[in-house]
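Have a look at the structure below before the remarks.
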2 protein chains.
Amino acid sequence: MELWFTEHHTKNVRLSIKVDKQLFTKQSSFQRIDIFESREFGRFLTLDGYMMLTEKDEFIYHEMIVHVPMASNPDIKKVLVIGAGDGGAIRELCKYPAVEHIDMVEIDKDVVDACRDYLPSVACKLDDPRVHITYEDGLRFVRRKEDEYDLIIVDSTDPFGPGEGLFTKEFYGNCYKALTANGILVNQHESPFYPDDARAMQRAHYRIRECFPLSRVYQAHIPTYPSGHWLFGFASKGIDPLKANLSQWEKLELTTRYYNTDIHKGSFALPTYVKDLLGDENESQY
Amino acid sequence: MELWFTEHHTKNVRLSIKVDKQLFTKQSSFQRIDIFESREFGRFLTLDGYMMLTEKDEFIYHEMIVHVPMASNPDIKKVLVIGAGDGGAIRELCKYPAVEHIDMVEIDKDVVDACRDYLPSVACKLDDPRVHITYEDGLRFVRRKEDEYDLIIVDSTDPFGPGEGLFTKEFYGNCYKALTANGILVNQHESPFYPDDARAMQRAHYRIRECFPLSRVYQAHIPTYPSGHWLFGFASKGIDPLKANLSQWEKLELTTRYYNTDIHKGSFALPTYVKDLLGDENESQY
């Protein structure tokens, strides 16, 4: 028997992964959740048929969404994570002794429960005493907050479906308000390669730029996401990731498999066609 | 009707591209050559069923294999290109007024003829008066050369099939001999992501390192290659791409869509897992 999971990256491109078996499937109140077992990527999680993570390459996404902001400001103590029901971003955040409190706001409890059961290497730190989980729409949660978080990580699904509100100007404005004076907002920023993704990325980027005085974009190689070329948005009230003193991060001696202080700087060097999509402000200023 | 081209990136992963029609197919003396028309990627060339280039993303590969070495030494005058029958590397090289002579050595004349006919935006500079084409095995050609080229670009197929000899120690040693005192060797270096590719990459890298005093690796996002994470090898008798004076390149005012002087530096910043595969020497030394 051959069982293949196939995702359409566009109408005309599809990536297929051979599956050993389906471990879990559920239609939650928000989306369809599936977890599969595969030889090439280990277990992987899909929401509404879109790849969220695989055991083989999730370290790339989770390290890049967490360590870039954390290394940019060693004084981060209170963090809000929106989405991220799988726990991967939480796992990376829990590596920092200086972090005192993490609020995780996930709209879909079924995702968290499934990941606890079937993806323990990802969900392993959800019970860390610093982690406080709220099951609510991140958009609503953040509205009530003011001057509270040193870092907000938006680890959302794509800008359609349940994650749609997390790409609006209202949401970014509320994040700005919820952040402390040194606050940083990081979000997954889609891919620049396929035209529809690039337009969604561009729209979200312009909205963030209207809300924050400093806004940069960085990139990573994530083989199981469409095109493999993935962007992250870094916005702040002033902290510049390219002026960070990275020797402090080195002293922590954390174990990482993708992120390092060379990558920290190098990931902000964007191809010309991506710079053109983002507008002139995104000079990496080496 | 639906017509899909499918490439297995491993036994368990495949990328499929919707095809409008097949424009060309031929079994040459060396390999099967196909050119397809597609909505997403424009025309694309495959050899023995492996993706070589698409009109949509070939600029990434060709700019990165040419401009990184060319910007590292503005005095490059004589260049040897091995493989590259499509003409993409030649097109980028011809942008440099200082380049006086380009030898292109391609084993398979049928590839060149097919690209001239069906991929004119790629093959467009093959008739530049500085370009001299020899149809021969690159391995044999380079054996006869000594102290002749400022740059050798190895734009080969994978390390099996017709391109196999271009990943051997004997070949790298002959390249060293064929290069001038400031000589640079650049080659396509496979992907670090899937284990079989990574092992082939590692083997080739160690062989190059035994032959050249300076050896670095840089990366690019190439969506239609396996994993989308592609490496290039930069080896030289002394010229260091990270110490190049890139302002000279800026002054040329060449038009590029991927390469820029930020990317020049940033592309040498490798993920930790790739550094581990390559060994400690590959510090990017920002």
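Placed from the backbone N, Cα and C atoms, the Cβ positions cover glycine too.
Those TrEMBL annotations? Automatic predictions, nothing curated.
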Which of these, A:ASP75, A:ASP86, A:ASP128, does TrEMBL list as part of the spermidine site with A:HIS62, A:ASP155, A:SER156, A:THR157, A:ASP158?
A:ASP86
Looking at S-methyl-5'-thioadenosine binding as recorded in TrEMBL, which candidate out of A:GLU2, A:GLU63, A:GLU106 goes with A:GLN31, A:ASP137, A:GLY138, A:PRO162?
A:GLU106
Other C-beta atoms within 10 angstroms of the C-beta of A:GLY138 (S-methyl-5'-thioadenosine binding site) total 28
C-alpha of A:ASP158 (spermidine binding site) to C-alpha of A:GLN31 (S-methyl-5'-thioadenosine binding site): distance in Å?
13
Spatially, and counting Cα to Cα, which of the binding-site residues is closest to A:ASP155 (spermidine binding site)? Options: A:GLN31, A:GLU106, A:PRO162.
A:GLU106
Spatial neighbours of A:PRO162 (S-methyl-5'-thioadenosine binding site) among the binding-site residues A:HIS62, A:ASP86, A:SER156, defined as Cα within 10 A: which are they?
A:SER156
Taking Cα-Cα distance, which of the binding-site residues A:HIS62, A:SER156, A:THR157 are within 10 Å of A:GLU106 (S-methyl-5'-thioadenosine binding site)?
A:SER156
Nearest by CA distance to A:HIS62 (spermidine binding site): which of the binding-site residues is it, out of A:GLN31, A:ASP137, A:GLY138?
A:GLY138
